[in-house]
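Pulled from TrEMBL, these are the features on record:
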TRANSMEM  35-54  transmembrane segment
TRANSMEM  75-95  transmembrane segment
TRANSMEM  101-119  transmembrane segment
TRANSMEM  131-148  transmembrane segment
TRANSMEM  160-178  transmembrane segment
TRANSMEM  185-209  transmembrane segment
TRANSMEM  279-299  transmembrane segment
Amino acid sequence: MGRVTGAWTSSDLLATVWAARPHLPRGVGDHLPGTLLALLAALLLGLGSVLQHEGAVRAAPDGRLQMRLMVRERVWQVGQVVTVAGAGAQVAALALAPVAIVQPLLAGALVAALAVRTLRTGHPPTRAESFPALLTVGGLAVFVVAAHPGPAAPDGPPPGWATVAALGTIVLAVALTARLGAGRGAALACGVTGGLAAGVAAVLISAGFSVLDTAGPAAALGRPELWGAAVAAVVSQVGAQQAYGRGSLSWSLPALAVLDPLSAVPAARLLLGERLEPGYAAVWGTAALVAVLGIVLLARTEGRPPQPPAPATAT
């Protein structure tokens, strides 16, 4: 008896199920290990920031931070270790995925910090915190999916003069803002230069990995990319500490959080040849603006000093 026309066999069913399997977006699917490492880095950096903040609060019983007490706090020490682990995960992610994926996802550290603080305190986030967190997560997710960030062009690392110029720019910017005093304007300026330095540092770290991959360790030591990456990483940390030390986190923290990816993505395009999907520019551009809005609002809630408890009413 012949095969009945239109009848399905088991192989037909398997082929249909396989064809209908969920596919990861091209930008994420092509760089899944690096994407997962970037998400892990964001989680670790968010956790580390919460733990270090708790340690700093314990070390300031009279409102004045005492460094000697802070470094002895166990929770601060754990937070420092977690933060270093997060930085290591970020570097590993930059070795496996484009800068245009890694740096935007790192902005999720603010959301991770909110979640960690909620778990540790038992207090649910307020509406002023939840709404910006949703904007941030949604905007970043749509950006990464729609932009399809691609790897660097196969032309090799950027020319040496471009690396030196980028490094000189961030060193000069951080050095100039170091001369500013306290106040909102100084905090905002230091946040801008600190975020710019962090974004450029990520690009130079990625360029350093590119040189190591194409030329080998021996040749890489004679090129500016590897040394530039090390110097840029230090400069970005100095810039961040300058921003934190200006006493107005509600101004410096949003600038740091926003300028990092906003400077990293175009710098990666210019120096490394990374590409975004031009056909969906309206989609990922709008998503980026939504994420920026969420980051700014969320960072301002993070940087706002805690309100004193309300006085107890007499009974």
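Placement of Cβ uses the backbone N, Cα and C atoms for every residue, glycine included.
Automatic, uncurated: that is what TrEMBL annotation is.
Listed as Cβ neighbours of the transmembrane segment (75-95) (distance under 8 Å, sequence separation of 6 or more from its ends, same chain) are residues 34-35, 37-38, 40-45, 47-56, 58-59, 102, 106, 109, 202, 205-206, 209. With a cut-off of 8 Å on Cβ pairs spaced 6 or more residues apart, the transmembrane segment (131-148) and the transmembrane segment (160-178) reach fewer than 3 such pairs and are scored as not touching. Within the same chain, residues 28, 75-76, 78-87, 89-90, 92-93, 96-97, 101-102, 105-117, 120, 144 sit at least 6 positions outside the transmembrane segment (35-54) and bring their C-beta atoms closer than 8 Å to a C-beta of that stretch.
Sequence-remote contacts of a segment are chain residues at least 6 beyond its ends whose Cβ falls under 8 Å from one of its Cβ atoms, and for the transmembrane segment (160-178) they are 186, 189-190, 192-194, 196-197, 200-201, 203-204, 207, 223-225, 228, 231-232, 235-236, 238-239, 242, 267, 270-271.
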